[in-house]
Amino acid sequence: MSKTIATENAPAAIGPYVQGVDLGSMVITSGQIPVDPKTGAVAEDVSAQARQSLENVKAIVEAAGLKVGDIVKTTVFVKDLNDFATVNATYEAFFTEHNATFPARSCVEVARLPKDVKIEIEAIAVRR
């Protein structure tokens, strides 16, 4: 049995999907673009965009009663792999700040993302 996750601390879905799904032992987030849920703003800088996407993922995971340390897999979609080092630095800092081990991860370059943002991140977390 799955349960829809909804929180005001992450942006509302911009299509026919939910922010996340709680499967009981596992939480799966939809891809999070770097929209500030309070203002709707998107930063220009890829580092700030990466941080906001991660904060949005965190909000969904926390809405399900889990924490950053429960994330076991992420997929990172970037518009330009030349931003890889910058994204990595932001990603590393985020997980380090939350005293979390790094999850498994895939990172791919894509042609375009919604709202023409530079990054989108989705995650899987497990209830331990």
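Just so it is clear, glycine is given a Cβ too, placed from its N, Cα and C backbone atoms.
Quick caveat, the model's predicted, so the values are computed rather than measured.
Some features that Swiss-Prot has for this protein:
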SITE      Tyr17  site 'Stabilizes the substrate'
BINDING   Arg105  substrate binding site
SITE      Glu120  site 'Important for catalytic activity at high pH'
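Annotated features taken from Swiss-Prot, shown on the structure.
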| residue | record | DSSP (3 states) |
| --- | --- | --- |
| Tyr17 | site 'Stabilizes the substrate' | coil |
| Arg105 | substrate binding site | strand |
| Glu120 | site 'Important for catalytic activity at high pH' | strand |
C-beta crowding around Glu120 (site 'Important for catalytic activity at high pH'), within 10 angstroms: 22
Nonlocal neighbours by CB distance (under 8 Å) for Arg105 (substrate binding site), same chain, sequence gap 6 or more: Lys73, Thr74, Thr75, Val76
For Tyr17 (site 'Stabilizes the substrate'): intrachain residues, at least 6 apart, with Cβ closer than 8 Å: Ser30
